[in-house]
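Here the structure is laid out as structure tokens; the discussion comes afterwards.
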């Protein structure tokens with residue numbers, strides 16, 4: 001097959017700038033082949049190289065006594081004691097999910113699960129953070145239904161419980177949804193598998209499903225803005241098979257137990273190219289591949305297609321040579337392909353052979369370690385103008401506006417499509433704050449949450465970045481867990497625009513300050529840029545996934561109050577309405593500054609709640625919608641009415657940070673008040689749970705009517 005001529009148009013179609021192509025010519029001293037151009041394009045795009053973000057990601061705190069492995073591997077590894085580790089990561093599948101919602105979301109789940117089990121962990125929990133356009137937008141319902149069905153279809157069939165996440169709607173996502181997938185697994189701390197190749201002449205082995213043409217160019221597509229050619233990009237979306245992935249998991253874990261593996265890497269973005277280059281680069285070795293040996297499910301595939309295919313359920317391994325027969329037998333037992341496709345070499349070369357031809361011969365380090373790195377121009381986001389006055393609103397009408405919005409409505413429509421109980425270790429299912437999963441065979445449990453408030457980040461990237469971490473800290477604390485570590489999924493627009501790059505820089509600085517203050521180091525993550533359509537960017541959305549630990553289920557704080565429990569707020573309420581959910585949902589406004597986060601107060605109040613958990617019947621953090629929404633959700637979830645004695649729009653709906661709502665048995669109220677006074681922590685009694693009415697200040701509504709609205713609004717909006 002004749003390869004196409006390398007033209008400026010072909011170079012641009014590969015996402016390479018003219019100066020980047022000149023850099024390639026300088027590195028290799030000649031014009032690249034078509035396959036080589038594809039390899040450079042895949043390895044130098046944002047999705048694989050982090051060329052616009054690397055400078056700032058390096059500033060994040062990533063270490064601590066609990067951290068076994070931080071960023072740079074497939075996922076982060078954190079010590080949970082007793083010789084065990086939790087391995088976790090969050091990453092995006094935004095562009096594919098907009099183009100082909102079901103498969104885009106499904107393969108996002110599959111990819112993050114492989115990131116976890118390629119390190120030797122059995123997945124125990126999944127979450128997803130989803131951002132969609134306005135419910136009445138022509139594409140939104142189709143995308144929501146496809147994404148949720150895809151997540152459920154893959155996760156349920158694979159057999160991992162989905163235990164949490166978030167769903168939001170905003171016009172900024174009309175042309176670019178966000179699908180951020182999280183997975184966590186358990187492994188023995190001394191049996192972690194890494195991706196760095198070692199040893200010369202070691203066999204490089206292809207494992208799993210066969211290679212097809214699906215996903216060719218997917219990584220490059222994920223590093224570009226959308227325009228009116230979006231439908232043409234549908235072939236770049238991968239197709240997943242969760243049953244094959246389940247077999248791949250079992251085969252990999254069995255293989256790892258046989259002492260056969262030198263290094264292992266899943267094939268994700270840029271497929272065979274990225275996995276081989278990363279293994280060689282980390283091990284300071286070259287890689288030679290013979291593509292004739294690659295298992296193919298389609299005829300006449302070219303070297304270009306095989307190197308850039310993003311077919312799912314595939315791994316690449318450097319194998320101990322003497323273990324070939326053992327390893328082959330394991331994969332044949334699981335009805336999966338096992339093929340030796342290359343070897344490690346001492347030279348700094350990435351050598352690709354197909355037929356009797358050399359299709360690529362490149363310096364391997366140039367593809368990864370010396371890829372372009374940019375210090376993009378950025379401008380600081382201007383300080384938000386003061387919030388315009390807010391007239392007092394009927395609190396019941398304010399509450400109805402929130403619970404009738406699909407962003408804050410009950411999400412049973414979503415959760416019920418996910419299996420949250422598979423593996424039989426789920427303690428708290430979706431919809432009750434952080435998810436909690438037992439560490440099988442031990443008294444311990446792990447808690448999981450994902451959080452961000454994009455309105456805050458747009459108004460004030462630094463405070464919004466801090467708040468995403470602080471809310472994750474509170475959500476873990478509210479179930480009784482001690483926060484351990486975090487993963488970040490940075491979703492932003494075009495970094496070549498200084499104002500967008502300024503949002504990114506501000507958010508990174510805020511996240512860094514918060515994870516340092518709250519001892520929640522970033523151990524893994526993902527950056528998704530160019531989330532724009534026709535020049536319109538998404539809201540800056542730096543999603544934080546966080547993990548906490550309970551040493552036993554005795555430390556668990558329940559999520560439901562009991563009849564007659566007293567409602568109290570831990571933390572100070574000043575009544576901050578800027579960028580609040582009430583402004584957005586009731587008044588259609590997004591003005592004012594984001595609430596500022598006092599990290600000292602966050603830590604102090606969180607430690608206070610964990611120290612006094614035995615006095616508390618139930619707890620939740622206060623965030624979107626303030627006291628009114630949190631109290632209603634807590635009461636309604638228990639089938640109880642509610643009376644809040646505080647009055648005033650700002651007091652009921654303000655979104656001041658570092659606050660928790662707790663339900664306390666009347667007999668324990670004085671003890672908690674005494675503990676708060678001794679600790680110097682603000683504690684305000686705000687009402688009581690019980691009855692069949694919801695009373696906010698001086699106005700009331702029947703619980704049954706509000707519950708009907710809350711539980712029906714999501715399905716009504718999506719249709």
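Every residue gets a Cβ built from N, Cα and C, even glycine.
Residues annotated as active site in Swiss-Prot: 47. According to DSSP, residue 47 (active site) is assigned to a helical segment. All protein chains included, residue 47 (active site) registers 27 other Cβ atoms within 10 Å of its own Cβ.
Per Swiss-Prot, the feature ATP binding site maps to 50, 89, 488, 525. Of all Cβ atoms in the shown protein chains, 27 besides its own fall within 10 Å of the Cβ of residue 89 (ATP binding site).
Swiss-Prot lists 91, 526 with the feature Mg(2+) 1 binding site. Around the Cβ of residue 91 (Mg(2+) 1 binding site), 26 further Cβ atoms fall within 10 Å across all displayed protein chains. Residue 91 (Mg(2+) 1 binding site) carries a strand DSSP state (E or B).
As annotated by Swiss-Prot, substrate binding site applies to 92, 93, 94, 95, 114, 238, 310, 311, 312, 528, with the evidence given as sequence analysis. Within the same chain, the residues at least 6 positions away from residue 114 (substrate binding site) whose Cβ sits under 8 Å from its Cβ are 74, 245, 248, 266, 268, 313, 315, listed in sequence order.
Counting only residues at least six positions away in the same chain, the Cβ atoms of 104, 105, 107, 108, 111, 179, 181 sit under 8 Å from the Cβ of residue 93 (active site, proton acceptor). The feature active site, proton acceptor is assigned by Swiss-Prot to 93, with sequence analysis given as support.
In three-state terms derived from DSSP, residue 266 (Mg(2+) 2 binding site) belongs to an extended strand segment. For 115, 266, the entry in Swiss-Prot reads Mg(2+) 2 binding site.
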Do any of 47, 50, 89, 92, 312, 488 (recorded positions) have a CA within 10 A of residue 526 (Mg(2+) 1 binding site), and if so which?
47, 50, 89, 92, 488
Under 8 Å by Cβ from residue 488 (ATP binding site), counting only residues of that chain that are 6 or more apart
60, 90, 511, 522, 525, 526, 542, 543, 544, 545
Within 10 Å, the Cβ with the most other Cβ atoms among the binding-site residues 92, 312 is that of 312
What three-state secondary structure does DSSP assign to residue 115 (Mg(2+) 2 binding site)?
helix
Neighbours of 50, 89, 488, 525 excl. site residues, C-beta within 8 Å of centre, ATP
57, 71, 90, 91, 487, 489, 490, 522, 524, 526, 527
What does the structure give for the C-alpha distance between residue 89 (ATP binding site) and residue 115 (Mg(2+) 2 binding site)? Integer Å is fine.
8
Intrachain C-beta neighbours of residue 115 (Mg(2+) 2 binding site), sequence separation six or more, cut-off 8 angstroms
74, 75, 89, 91, 183, 266, 268
